[in-house]
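Notes for the one structure printed next.
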Amino acid sequence: MAKGKFKHKPTGERTFSSPEEIAAGSSADRPRTFKKQAEKDVSDTRGQPEEKEESEGLIEIENPNLVKPKNIKAKDIDIGKTTNISRREREELEKQKSHDRYMKLQEQGKTEQARKDLDRLALIRQQKAEAAEEKAAKKERKAEARK
């Protein structure tokens, strides 16, 4: 026959316990349920003082997930208290302040770049004024030539 999808070997055979194994498994000295054993242990410990294990006090485990965050009310917040900022944040603030200072000086025309810009603007204005005068003069010449 051709190979099919079913296995031909008996892979999941049942196994049965022999009477000797059953007798060995159900011994009389073993308690039948866990509850009975637990009740017996509790009754034994009531009569004796509790003895702690040596390693109990040595290890203190603190789970950060179990710690509840402390809620601070708005009226309890100290406004005058300064917060420590990181080096990166401090450098970022200094950079922003220096940029603002530079831009303020730039607007007032006190920086070298602003002076160059103003000189260039003055030159451009002068060239435009000269061009306008030339155009006006040329227009007048044309008007006179027509007469």
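Just so you know, glycine gets a Cβ as well, placed from its N, Cα and C.
Heads up, TrEMBL stuff is auto-annotated, nobody curated it.
Residues or ranges marked as compositional bias 'Basic and acidic residues' in TrEMBL: 29-50 (among others).
Annotated compositional bias 'Basic and acidic residues' per TrEMBL: 86-116 (among others), in sequence order.
Per TrEMBL, domain 'Casein kinase substrate phosphoprotein PP28' is recorded for 63-140.
Positions annotated as region 'Disordered' by TrEMBL: 1-63 (among others).
The region 'Disordered' annotation in TrEMBL covers 83-116 (among others).
Look at TrEMBL and you will find 128-147 (among others) tagged as region 'Disordered'. Residues of the same chain that lie 6+ residues outside the region 'Disordered' (128-147) never bring a C-beta to less than 8 angstroms of a C-beta in it.
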Mind tallying the compositional bias 'Basic and acidic residues' (86-116) by DSSP state, helix then strand then coil? 27 helix, 0 strand, 4 coil
